[in-house]
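Engineer: Please see the structure below; I have some questions.
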């Protein structure tokens, strides 16, 4: 019984926390991610299209783990 009550309180707390921390609290979860919806309609505006990668011939690997090679092949030098 105690475990059930604790689980109920936890679920209610997490639900309330989601609504309190929403970007637009008047619409609840409906407008939680408005920017992403816009990016889905216009993929050219998406920030994910601008990949942060290293071009071919640049050193990569152990000393410099980031950013990754554009071709995703790294053998001490991006290929």
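Each residue, glycine too, has its Cβ placed from N, Cα and C.
As annotated by Swiss-Prot, disulfide bond applies to 53-70, 60-74, 69-78, with the evidence given as similarity to another entry. According to Swiss-Prot, the feature signal peptide maps to 1-22, an assignment based on sequence analysis.
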Engineer: Within 10 angstroms of the C-beta of residue 70 (disulfide bond), what count of other C-beta atoms is obtained when all protein chains are considered?
Structural biologist: 14
Engineer: Rounded to the nearest Å, what's the C-alpha distance separating residue 60 (disulfide bond) and residue 70 (disulfide bond)? Just drop the number here, would you?
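Structural biologist: With the alpha carbons as reference points, the distance is 11 Å.
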Engineer: Report the member of 53, 69 (the disulfide-bonded residues) whose C-beta atom has the most other C-beta atoms within 10 angstroms.
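Structural biologist: Of the disulfide-bonded residues 53, 69, the most buried by Cβ count within 10 Å is 69.
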Engineer: Return only the integer: C-alpha distance in Å from residue 69 (disulfide bond) to residue 53 (disulfide bond).
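Structural biologist: Between the Cα atoms of residue 69 (disulfide bond) and residue 53 (disulfide bond), the distance comes to 5 Å.
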Engineer: What three-state class does DSSP give residue 69 (disulfide bond)?
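Structural biologist: Going by the DSSP assignment, residue 69 (disulfide bond) falls within a strand, counted as strand.
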